[in-house]
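Notes to accompany the following structure.
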């Protein structure tokens, strides 16, 4: 017997916790009925609320789940509180009941009508109806939802009636109100009623307001009535006043009142279309006992039962004793001896029931089952979501570029752990902070702050990796570029390989990035709008570019919600919950280059003015500090991440976004909206707010924002009404105090911080409070157990409990986003070990530089983690990484072996060849014949590869079904290797092993394009080609072997392998009897004969010097020994075997041809193949002639030992790659791993996932270093101050006043460290005059001068003059010939008359002016003069002059070719002299020590020479250019000096000169040319030989040659040095005073004379020019403006002035290549014939542009698909040569 009791009050547990846990369980797939009930109950309640009058409907807030109402105290204590509590009680009953049965698989829902009765009190009685009507558990959601709706209507009616008896106060007091019922113990109902009648008659109480008995039991009586009358009763009545009485928690009104309610009220409650429809389907099954009589209700339909129950609740008093009597009577009437009482926690009625069972039925055993207890039990096994909408979201990968040098999460954590505040002045690569900053806020368009937090070198980008041309990269927003880079890194960390699993289906991966500005497009690229202005600048292209590059077909969203954009993008998890995608890449981006935004935010009073990141929660917080940042995260549903074997960094439990609609202004935060959001998000996540132990707050450092946020946080997570225990501390922090406010990336940055905190188990110190805490913060934070971590605080894992945190991210536009994040579960240790003995580790890259970097990083990782599992490493680098065209694969069995092999590849990386871009090589399967393996094998593949084992066992089953014995003993190692099995077993084993191997290779993605089988192997080949089924192949092999055993004598004949050609054999053996069985190769032949005949042959051939090996076979195949079986074998084959057309070409060693048709292979063919010779040599040669095979193919030997591939290598002149499947005597896994590595490096795309699948449960993804990018800077510098002026003149007067010695600055778009201001310029069609002025005291210029110190003075080196010349030359060419391209500049005839020395007083300016004049640009010459400017603004006579001669770098390269071998010869001679101890070999440190001691002390960045070999006045040096940043240059002086100052070194250090008495300085050179750019970090070699001149022995001349990779790429020709006595050093090189006109240099040759050059001055070049001037043709090709930028990029301006120049060849193909190079921003050297245009960044847009240029300039009409039809440079050249030569 069963009794289910439903109470009229909630269990004494924490009600909110019960509902929260039920909500969490409803997401579990084990509770589908529970989830359905909550959904249907929610819908039912919504329908009821919608039907209310407007006034009542407004009292119920919107709710997403019926359970959410439990947290709404205001509603539950309001007018409809009784209705809501009734709903919640019924919902709790039914949900708990459903969950109880779903949680326990042993419990069955078996409430039968015979032995079950249902009882309940008050609202609990309604819950019994749902059970009574439900024949199964699956019906409870429907009946339960109906009960919920009726419970609500009951509550509304009760409220309506009760309000008429005693209205609620107009101003509600805190709390639920007064009680409508009191219980009086130890009295009789008769006494109570008598007293009530006496008082109410005396007071003439109106009938509806009378107090009445609503419930009675053996121990007490309950009286009910309006609260005021109840209070009056207990006040005026001595009877009641003197007795103990207790108010019950009945606050919603009256029930059990027959004098108030009638049938009308009952009908109002049960009138429902839902009830009518249910009545037709459901009928009462289980008896429900009346609480007034104890007898079952008599209703026969659902509606009748509801009517009876509602009438009972409204009009009948509760008499629990009657209910107990009814239950006891049913127990007596039944045959049961025990009773299960189902309860919702124990209670007084339950105790009374059990006590009665004990007294009245002593032989009857009654026990309780608590239906609530299951709710709090831990899940075992772990919960699985019932659907995608219920999934948790795993974060499986992250990458970042954040301020403070945080180029990865580890560096970011270092910054946080150190408590750094990484603000700094706005760097020069963004804009000139000095000119764009005004602390007083008075200047138009200026920023009020000079500070921010910035990414280092945001222009760094590996353009070729992402198939972008340099030009496209330059014009593409760095936010887009870095989003690409970090997305790749995050995906790499996550081990995401598209299409590896269902969750990584490329069609189901989407991207979601937050971005709130387009700075680079608005400022940088807007200076020069070109092809990629839209695609590179508009933010929608950022996520789209990621999808396009990775070939993801899911959605791509760019999200802009202002400051919360990034975390709003993290709500990509909503797409995961909705099932729109399986994997999401989400994040935020922000790179600040637009000074307008600084000015706008300053004027809006958003920004702090003080030098700090955000002063979060500080008393003086005055705004936020802007910040860069790029973050990418990879998200998956948790169950998918676990199934994919991912590393889980954290788990998102819930995310939500709302808006502060009620704020006082759009930008003002609103604590109420924030609190509502976080409360809702936490509740949806199923988390108790007190389980949150950390909140990463938005915390921008504004007074209003910080104060409002702490209010919302304390309200939800640390309220006064409910206190946290001492074990529930809550910490708060904000990453903005460290790295500033990244705006659109601030949310993802905070999330990365949180994930690192989980990982490091620590909370970093909060560094935002610089003085004292914000006075608006609550003063009782400590009492609330809420803490700010002023120092790093441990945050350890707690066994059995998860750390949970909240991340807040709010928007200045009013949006609020909150995310609940839980730490990942600790992964269970692997249960076993990977049985494979050898593991394949791969490394790949898209360039040699990156390959080298990746190898170095992996080696460093293995050295730092010597215990790393090689199996894990192999799994990570193969199955969990993308693979590129530069590939390295290493099969290793231990770490030492791995490091050694990786080191070997690292040494040879420069000669590494990438895989061809033409696609995968075709594959040939070559099937081995008999005799290659041991008689017995022990195949590790059979033991450890489930796939191979299953294939082999299936084939064995086919063999046994045909009557053959099992061949498994041949391969399973159950016998010694030498054990001889029957020929049938051996031959079946061979063929079946080969078939299984072929299928195994195919499972790994290696499918044959051609097959060839040797002897017995041909049967396996025919099967793989589709000619034979596996069953037929086994049948033929087995029958043939059986016939051989029956009709041929084992051992009577032999086969002899001879290392000789057939012709050689014939010439030696003459007429001795033998047969030729196999012609395997040019010198590989197999003979057959009787044992005696073979013995003679062996003796003769060995005597002739030929190696002979007797094959270990039972029969002499392909010889006369097989004649007895041929007829029968052919007949059996004809009758039983079905031959199908081949689906692959078959190379036939029998016929010596390639088989394509369906008729050739038949019974006759296999008969002949048994008897006739195998002509493997002839077959391969024919196949090659027919082009069936070629040198590109990959050969795989399918068999027990490599034989055929050795034959192939001896036949073909070149074999791409040839690998075995198994090698005799070698562990199978070692062979397979090595072969897979070779195939991988040959370009085959392998199914690595399948290779590791069987072992994956024992494998883990290793957190390896990320890809080593081959970065170069691509950056368009914002030039000038046009963002300030915007065409206005309001700054002109200010500039003139600040610089009285200069003209008003004209608006030029050029500014570098040495060319700071164009003060005058005049341009005509072909002539120009430009005058620039610079202050030597500016930091970068001064630092460059002090980098070259002589006599303790900063001396402007000639390389600085060269940089000025390059800058002005480029500027003039751009102005006069804006479309020019590929023009180099020769800085010729430099003559320095006075040294320029930095003054000591840096407080005063030290100006110089340089004038540049071009008479006719088409003559290709410009003339420059340098002048000092005195303090009064007067310009001195020129102290230096030079010419710029424009020319073609290609011509220069050609002109240097004849000298190359001479220079190389001299270098080699110096090397030999050094080895002989004659020449001096000096290290880097020694060379510069000597240089500094003798004359010049160079700064570190100038010290490029790594070693010097010197003999007398001849030397060469190996040079590496620095990567150190600093300054804006066209050609950094320290680059020029590093490759050129070898000449000065020789003159001032060589023992051929008397350096003790003399020193040497250069007055100039004849020519300086660089045909290729000087690039940071690259290596060069300089060579010079200085020779004294005949005219003056104190003057020396020489040519400095600069080589790269053995090619001369630059020259400083006719460089001159003059020798001076050392006693003059102090006189010549001393710092001047502030008036530079008084300074006289060592080379002063003329008296001071004031010279002011006007715009009309004409200078005639009379000096001999070192190279022929180039006539500049009319501009034709559009190209980007040459802009000096950061050092790494700008060097290109030296050799490439983006202009159309005649090329050296007149062919259309050559012109076309030059045009392609120009359009893509490439060098011609970047266009080898095998270069793929797609990899060079030639996309569809560029294709259209180039096609148009071809038409306009070359007269070649093509369409935009040209580069698809001719994908490589060689293809296009060939086409152009064929049709346009």
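Cβ atoms here come from the backbone N, Cα and C positions, even for glycine.
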### Query
Under Swiss-Prot, which of the candidate ranges 1276-1296, 1633-1653, 1654-1674, 1675-1695 is annotated region 'Disordered'?
1633-1653
### Summary
On average, residues of the region 'N-terminal hotdog fold' (1316-1451) score a pLDDT of 92
### Query
So of 741, 1348, which of the active-site residues has the fewest other Cβ atoms within 10 Å around its own Cβ?
1348
### Query
Under a criterion of Cβ-Cβ distance under 8 Å and sequence separation of at least 6, what residues of the same chain contact residue 563 (active site, for beta-ketoacyl synthase activity)?
516, 698, 700, 741, 743, 744, 746, 809, 810, 811, 812, 813
## Note on the structure
Cβ-Cβ distance under 8 Å, sequence separation of 6 or more, same chain as residue 1537 (active site, proton donor); the residues meeting this, in order, are 1348, 1357, 1359, 1498, 1502, 1504
### Task
Determine the most Cβ-crowded residue among the recorded positions 698, 1740, using a 10 Å radius around each Cβ and all protein chains in the structure.
698
### Query
How many of the residues that make up the domain 'Carrier' (1703-1780) does DSSP mark as helix, as strand and as coil?
47 helix, 2 strand, 29 coil
### Task
Tally the residues of the region 'C-terminal hotdog fold' (1478-1626) by DSSP class, grouping H, G and I as helix, E and B as strand, and everything else as coil.
35 helix, 70 strand, 44 coil
#### Entry: Secondary structure content, the region 'N-terminal hotdog fold' (1316-1451) (per DSSP, counts of residues)
33 helix, 62 strand, 41 coil
### Summary
Once DSSP output is merged into helix, strand and coil, residue 698 (active site, for beta-ketoacyl synthase activity) belongs to coil
